[in-house]
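Asks: This structure is in structure tokens; I'll ask about it shortly.
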Amino acid sequence: MDTHAFKRSLHHSERYNRRGFGRAEEVAESLEQAYQSGLIGTIRDNGYRLEHGRLNVRLAEAFGFCWGVERAVAMAYETRKHYPSERLWITNEIIHNPSVNDHLREMDVQFIPVEQGVKDFSGVTSGDVVILPAFGATVQEMQLLNERGCHIVDTTCPWVSKVWNTVEKHKKHTFTSIIHGKVKHEETLATSSFAGTYLVVLDLEEAQYVADYILGNGDREDFIKRFAKACSPGFDPDRDLERLGVANQTTMLKSETEEIGRLFERTMLSKYGPTQLNDHFLAFNTICDATQERQDAMFSLVDEPLDLMVVIGGFNSSNTTHLQEIAVSRGIRSFHIDTPERIDVGSNSIEHKPLAADLCREGDFLPEGPVRVGITSGASTPDRAVEEVIEKLMQLSEN
């Protein structure tokens, strides 16, 4: 399928919208009440610091809603305002934040049901309005909705669209796309649907395994088994790893994406030599600015003397998880929560999700005496949620 031609055709359809409806002022008050925070604005103006008795809060200097998320949420609100009585669907969570998605449900936005990991579009009919979330949607989903006669509102982040353009470039020039991402993440599923031949690698360890295979140090059957669910149909590691381009899920850890890119460049240089490198490797730049800014701010924050860290964001949020990884890597006592309600003031306990583990509750959350708390949040977390976490910390510090 010529995905580039399909996108171009879809973008010219009268039933497709990716620019909003000119109703920003009409939804501004609702957005402000639901997601913005006067307290957070005050803390920003005070050098990202708050002192309250024995409590000393340090905010990361970049956190919370990024531009792409703000745009997607605002477009969803505009869509309901523009289509007040039409049946309105969304193909997935608009962003990885439970409170934001709950607000959409309250606005009678229906989420496409999922049965055993497969989306069920049978309830969507001609004339329905369907929102594509910030992560995007697969080209097959777009094609289905277009053929069904739906009105499509596309809130895909432009940074994600940039990655799609990158893998389409790989496909055009018969390069295999090495996608640094999580194979089941909505964004990676969408990106791979625009690629030709592709392979998804989760981390540097998997990338090194692939690089070793390219240089003749691997087992074909083991390779095929390991990446059976992370590659394009019919992928042949002996045929499809000769010409590589690198792309990424925009919310992955920036430093790891860059290292994976350098690894494959060195690998192809070693195998083919400098004169043929450009025929076998395509450089890339698909790292999202907002992801980079939040990670850089987190690295700065964890350099400060902190007693504990609170990271706020959806448990299925990739960019939030990577912020938690940064804190844990520095040995900081850090807690990843998805909503302020995870903190129980009465018992001084917190329900949180450790890395690669299930939810658990921990007592003696806020220690006695002077305490320095670092706070950050993922790109899908509104300021209002951060405010509510800080208010709970203030209450705990007064007990």
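Heads up, the Cβ atoms here are built off N, Cα and C, so glycines get one too.
Here the structure is a predicted model, which means the values were calculated and not measured.
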Asks: For the dimethylallyl diphosphate site that Swiss-Prot assigns to HIS185, SER317, SER318, ASN319, SER380, which of the candidates HIS82, HIS96, HIS103 is also assigned?
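Replies: Among the candidates, Swiss-Prot records only HIS96 at this dimethylallyl diphosphate site.
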Asks: Need a hand: Swiss-Prot gives CYS66, CYS288 for [4Fe-4S] cluster, which of CYS150, CYS157 is also on that list?
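Replies: Checking CYS150, CYS157 against Swiss-Prot: the [4Fe-4S] cluster site match is CYS157.
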Asks: Enumerate the residues of the same chain, HIS96, HIS185, SER317, SER318, ASN319, SER380 excluded, that satisfy the criterion Cβ within 8 A of the mean position of the Cβ atoms of the recorded dimethylallyl diphosphate site; list them in sequence order.
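Replies: My list of surrounding residues reads ILE95, THR251, GLY313, GLY314, ASN316, THR320, THR321, GLY378, ALA379.
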Asks: For ASN319 ((2E)-4-hydroxy-3-methylbut-2-enyl diphosphate binding site), which of the three DSSP-derived states applies: helix, strand, or coil?
Replies: helix
Asks: Just jot down the residues in the same chain as GLU187 (active site, proton donor), at least 6 apart in sequence, with C-beta under 8 A of its C-beta; none if empty.
Replies: PHE135, GLY136, VAL160, GLY181, GLN249, THR250, THR251
Asks: Around the [4Fe-4S] cluster site recorded as CYS66, CYS157, CYS288, what other same-chain residues have a C-beta within 8 angstroms of the site's C-beta center?
Replies: TRP67, GLY68, VAL69, ALA134, PRO158, TRP159, VAL160, THR250, THR251, ASP289, ALA290, THR291, ALA379
Asks: Cα distance, SER317 ((2E)-4-hydroxy-3-methylbut-2-enyl diphosphate binding site) to CYS66 ([4Fe-4S] cluster binding site), nearest Å?
Replies: 13
Asks: Within 10 Å of each Cβ, count the other Cβ atoms and name the one among the binding-site residues HIS96, HIS185 with the highest count.
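Replies: Result of the Cβ crowding comparison: HIS96.
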Asks: Of all the binding-site residues given, SER317, SER380, which residue's CB has the most CB neighbours within 10 A?
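Replies: When each Cβ's neighbours within 10 Å are tallied, SER380 leads.
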